[in-house]
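Notes to accompany the following structure.
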Amino acid sequence: MYHSLVLSCKVSGDPGPKEFVWEKKGIHKPLQKGPSDILLFRSLNKTHLGTYTCKVSSPQGTSVATYNLWMDDLKYRVFVFPRASNDSYVLVQARPEHPLLNFTVCLRSYTDLTRPYSLFSYATKAQHNEILLFKPKPGEYRFYVGGEYVTFHVPENYTEPEHVCVTWESPSGIVCFWLNGRPWPRKGLQKGYVVDNEAVAVLGQEQDTFGGSFDVLQSFTGEISDVYMWDIGLSDSEVKMLSYSEPDAAPIFGWRNFPYKTEGEVYLLS
């Protein structure tokens, strides 16, 4: 599980002394009371889910802020895309807080498709292939940043799931690619580029416009799971560790707390 979470109760325009009272709905005693505006969860888990309030008192008056914590833990579950379509996909309901100079995307897929298909599509209003993980044919992956791509040739495998991780770093443009924990030779792409954070991310379709214009001939059928995105480039040892343990680095979104919405015919199964 992710290691920590901080809730911050900021008050502007009042320089005087303040008292912060943190409470959780359903618990009668305050969780924390004093001058600190921070509520720290050192190891976030499902027991922490719920509604929290921060009551701030000062000589100027009282203010109250409300926070809702939720978690969609999809461990041991997969999204199943049963048929080709132009309207079935998973919308990832999270995005980076700031533009990206580095990132990592990882996921696991299982399919017997031999035609082109999209796994992960991250589109902005300016560029529909801002980030795209695409498989044009068996034995080949294409990875796009800012509309340009590099190709990685891999063994054709119709009988096993494929776990893919890819990292990109703007200062050098270096792309690292792993298949089932094995690194491929590094390549270069879009040195100096900045990935916009005002984006829509979907699984199972390629966006040809911002948030839509899907092509049935590029749709995914099969299973997708273990989807993660970080705003850093993971190391080789960190990627290899993903095959048997939880990641140490806190992601933008990940399978143990995955904010999503399914559209069309997509099923979440064990």
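Indices start at 1 and increase along the chain as displayed.
Placed from the backbone N, Cα and C atoms, the Cβ positions cover glycine too.
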Looking at TrEMBL, which of C54, C106 bridges to C165 via a disulfide?
C106
For C106 (disulfide bond), the number of neighbouring Cβ atoms whose distance to its own Cβ is within 10 Å equals 24
Counting every protein chain shown, other Cβ atoms within 10 Å of the Cβ of C165 (disulfide bond) number 25
